[in-house]
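Worksheet: the structure to be examined is printed underneath.
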Amino acid sequence: MPSNKSVSDAPIIQFTNCRILREHKLQREDLWVRDGKILDPEKLFFDEQGYADRRLDCAGAIVAPGFIDVQINGGYGVDFSQPCEDVSTGVSLVAKKILEHGVTSFCPTLVTSPPAVYHQVLPQINVHNGGPEGAGVLGFHLEGPFISSEKRGAHPERFLRTFRSGGTDDLMETYGSLDNVAMVTLAPELPHSQSVVSTLRQKGVTVSLGHSVANLSQAEDAVRHGASFITHLFNAMLPFHHRDPGIVGLLTSDQIPAGRTVFYGMIADGIHTNPAALRIAHRAHPSGLVLVTDAITAMGLPPGRHTLGQQVVQIQGLHAYVAGTKTLSGSIATMDMCVRHFKQAAGCSVEDALEAAALHPARLLGISHRKGSLHYGADADLVLLDDGLRVRTTYISGEEVWRAEL
């Protein structure tokens, strides 16, 4: 135990023989953890004269921050947009299952639904930290219903809504409450949307632009009002055009306010985005890329018919379609799959691939002081990976919560 008992009686864990992701580089250093937080070893040695109570040999593994998925609609037979009397059971099942894919925090995502669904589902799940029972919940991502009919994708048209005013009335009438909501995706070309963006930001909700026919000027105006994310870039938006690049143009816009970053989600499943498009986005704006799974009910299940909100989805191979169409409807990819595919398709470094799944989503949500990095004082949410970026062990608050079978 540490010799200075006045600091903490909690045991100190030392992760040895590892390469840790810190300051954008994999570095051969030990990692020290106490009370679920990452320790500064200099303070431990020189101020406390402390030492490790337990050493864990990582056998040369990469140690990265736990992955964060800000867009996941469900999985393993669970659809977050399906109302029921016990939503928490389904969320808990997915939270437990995604630990094996390195995800330690996530935003359960609800697609366009009638108000009654939001009113029933949202009050049942609170923001909470993860642990042995599963990944932590950072808050809901509400994707719709304030989106474009033309670019609705798999969202049911009959439940789409517009803003009648610029205040909170439409939001409250639709969602019931913004408690435990982390993000809202909306179309910035809708009348009154800019004042809604401002209102959401004032309430601490991250605003994303998506399912939209907005031009670049409308998208830039939304960013000036506080929007900071693009939902699944290239998908469900106007295609890039050299005279008006639309929302895609935000990646290189010179109208982004000083000190602000526009982040963008990428579904790197090999289906939603061509590798060349992935490379274009990453090379244009590498620090803004956020990997998302956009996973649906069928993640982890065999091919067949499943639900996504109010729609029926058909799984064919690795594709998820609205039944009877060729409209893509989310993915069945896992986050570790996306990390591996992104690295291979983009030709980026291991560091870039890992930060796109951890640091960047944490920065997007304004939680990078405690999630998404291995800086001193951050939560000890960790994923140990081999050189092929396959998950070996997952930790939350310094506690092992999943381990691959040898």
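Start at 1 and count along the chain as shown; that gives each residue its number.
Quick reminder: no glycine exception, Cβ is built from N, Cα and C everywhere.
According to TrEMBL, the domain 'Amidohydrolase-related' annotation covers 62-401.
Taking Cβ-Cβ distances under 8 Å and a sequence gap of 6 or more within the same chain, the neighbours of H232 (Zn(2+) binding site) are Q71, G210, G265, M266, I267, H272, V292, D294. The Zn(2+) binding site feature in TrEMBL is assigned to E143, H211, H232.
Residues annotated as substrate binding site in TrEMBL: A154, N235, A236, R243, H272, L328, S329, G330.
Here the Cβ of D294 (active site, proton donor/acceptor) has 28 other Cβ atoms within 10 Å, regardless of which shown protein chain they belong to. Annotated active site, proton donor/acceptor per TrEMBL: D294, in sequence order.
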Between E143 (Zn(2+) binding site) and R243 (substrate binding site), what is the CA-CA distance rounded to a whole number of Å?
28
Taking the Cβ of R243 (substrate binding site) as the centre, count every other Cβ atom within 10 Å, in any protein chain shown.
6
Which residues in the same chain, at least 6 apart in sequence, have a Cβ under 8 Å from the Cβ of A236 (substrate binding site)?
K151, R152, G153, G210, H211, S212
Which ones in the same chain are close to A154 (substrate binding site), with CB under 8 Å and 6+ residues apart in sequence?
V111, L308, Q311, V313, V322, T327, L328, S329, G330
For the binding-site residues listed here (H211, N235, L328, G330), which one has the lowest count of neighbouring CB atoms within 10 Å of its own CB?
N235
